[in-house]
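Step one of this worksheet: look at the structure below.
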Amino acid sequence: MGMKLHGPAMSPAVMRVIATLKEKDLDFELVPVNMQAGDHKKEPFITLNPFGQVPAFEDGDLKLFESRAITQYIAHTYADKGNQLLANDPKKMAIMSVWMEVESQKFDPVASKLTFEIVIKPMLGMVTDDAAVAENEEKLGKVLDVYESRLKDSKYLGGDSFTLADLHHAPAMNYLMGTKVKSLFDSRPHVSAWCADILARPAWSKAIEYKQ
């Protein structure tokens, strides 16, 4: 029984897992979930993720949800496959873990709100809340200031090598690069170079093909 990833490829959380699977050069089945029809809140999906959110993931008899837990499982379990996505000693692993937490607690909440307001709402025919955009642009700028300082001394957030701490940013960055928010990244040279590096990875190019 092979790996199955449940969810729409348009979802940043689903894309986070697809990118990890592609970095590891692993075969998997992407199982569509019609969120507009509310299928993520019904059986059989709700058995896989009782919170009714995408993605859900199966590897044999193992069932997981929460995208970052899934990516860590893949990176650890298939460490000998594809590209290494984890730090290689306890201290480096701790630093990587710090920046994984920063992504989930500081970067993603703000980036997700901006993506919703600037990208998703127009797609759904909804009106963008300009005040919310301005507020979250300011918040994102402050986060990216910290990143700029970190990336002056380190090629990647976790150290010299690309890890999950960097990969986890890719879906939100990919959406924001097509909006005016791109200027927040471009105006910080180390952040800009880091972002370009991540989005130019072959595995990411393969991952975004699923959105077509």
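For all residues, glycine too, the Cβ spot is worked out from N, Cα and C.
Since we're looking at a predicted model, the values are computed, not measured.
What Swiss-Prot says about this protein:
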- S11, P12, A13, H40, K41, Q53, V54, E66, S67: glutathione binding site (BINDING)
- 1-82: domain 'GST N-terminal' (DOMAIN)
- 89-212: domain 'GST C-terminal' (DOMAIN)
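The number of other Cβ atoms within 10 Å of the Cβ belonging to V54 (glutathione binding site), over all protein chains shown, comes to 24. Look at the binding-site residues S11, S67 and count other Cβ atoms within 10 Å of each Cβ; S11 has the fewest. DSSP gives A13 (glutathione binding site) a helix state. Secondary structure at V54 (glutathione binding site), taken from DSSP and collapsed to helix, strand or coil, is coil. Among the residues the record lists as binding glutathione, namely S11, P12, A13, H40, K41, Q53, V54, E66, S67, the two farthest apart have Cα atoms separated by 18 Å.
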